[in-house]
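Student: Input: one structure, supplied below.
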């Protein structure tokens, strides 16, 4: 009776180890994070996955050896002859394969939580095993590679910045859809362009800034662009001074240039404004603000 009880006990242990192993290692990181809130010890296990796997394999192997030993004793008591040893081996292989491997792994797909919670009974043994193993590895000066993940902190960061990340995703998605659009579609209508004439005074440029809040103003002479005026260059200057010496060269792009080409140009040249030409004739201007507004148009962006 004792042998039968021990045989069943070791069988049950092997059954649980197989099911727990499949249940735990089939979890995604997201599932593991959610379950850790319900099953406290999962967080500790997830930080020691290699040791946990080694523990399960060791205990499962020990249980299977116990099954074989006590099964052999049971068969001896029954009085099976040596000629039936092959039948005994076949029975044990079939028993271990089906009841201790296939069945628990199949059930664990549908009863993950139940199998994982059952590990609670093995938790004290696991903690002792972990301490002994770490001491052993340290004494033998053996280094074990740990596959640990900082998923908790990443998950918390994503939760905290969820809205901001969603906005960035929408922006990038919109840019991806528009990056091959020709730049003239982003430009201002020629008749609405705010400009200043060459030879104007600093006070005229400041007046435009105060009225329109434009920090970059194209400079024209005889209807043609000759430069760009940056209002930051006029700070603390004499208002009666002419703007000509403060006018800077401009970047020009072709009428049919693609958005991504102009974007790259702005980044490389560190400029927020470019002038568009069509067949060598001035067509319009486009600013970084024009492009951003076009990308954001129609998107439900919050906190921008």
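Just so you know, glycine gets a Cβ as well, placed from its N, Cα and C.
Keep in mind that what you see is a predicted model, and the values were worked out from it rather than measured.
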Student: Looking at 51-71, 156-176, which stretch does TrEMBL describe as transmembrane segment?
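Tutor: Feature transmembrane segment in TrEMBL: residues 51-71.
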Student: Write down the single range among 83-103, 188-208 that appears in TrEMBL as transmembrane segment.
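Tutor: Of the candidate stretches, TrEMBL labels 83-103 as transmembrane segment.
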Student: Using DSSP, what's the helix, strand and coil tally for the domain 'CBS' (188-245)?
Tutor: 20 helix, 17 strand, 21 coil
Student: Note the mean pLDDT of the domain 'CBS' (188-245), expressed as a whole number.
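Tutor: A mean pLDDT of 89 is what the model gives the domain 'CBS' (188-245).
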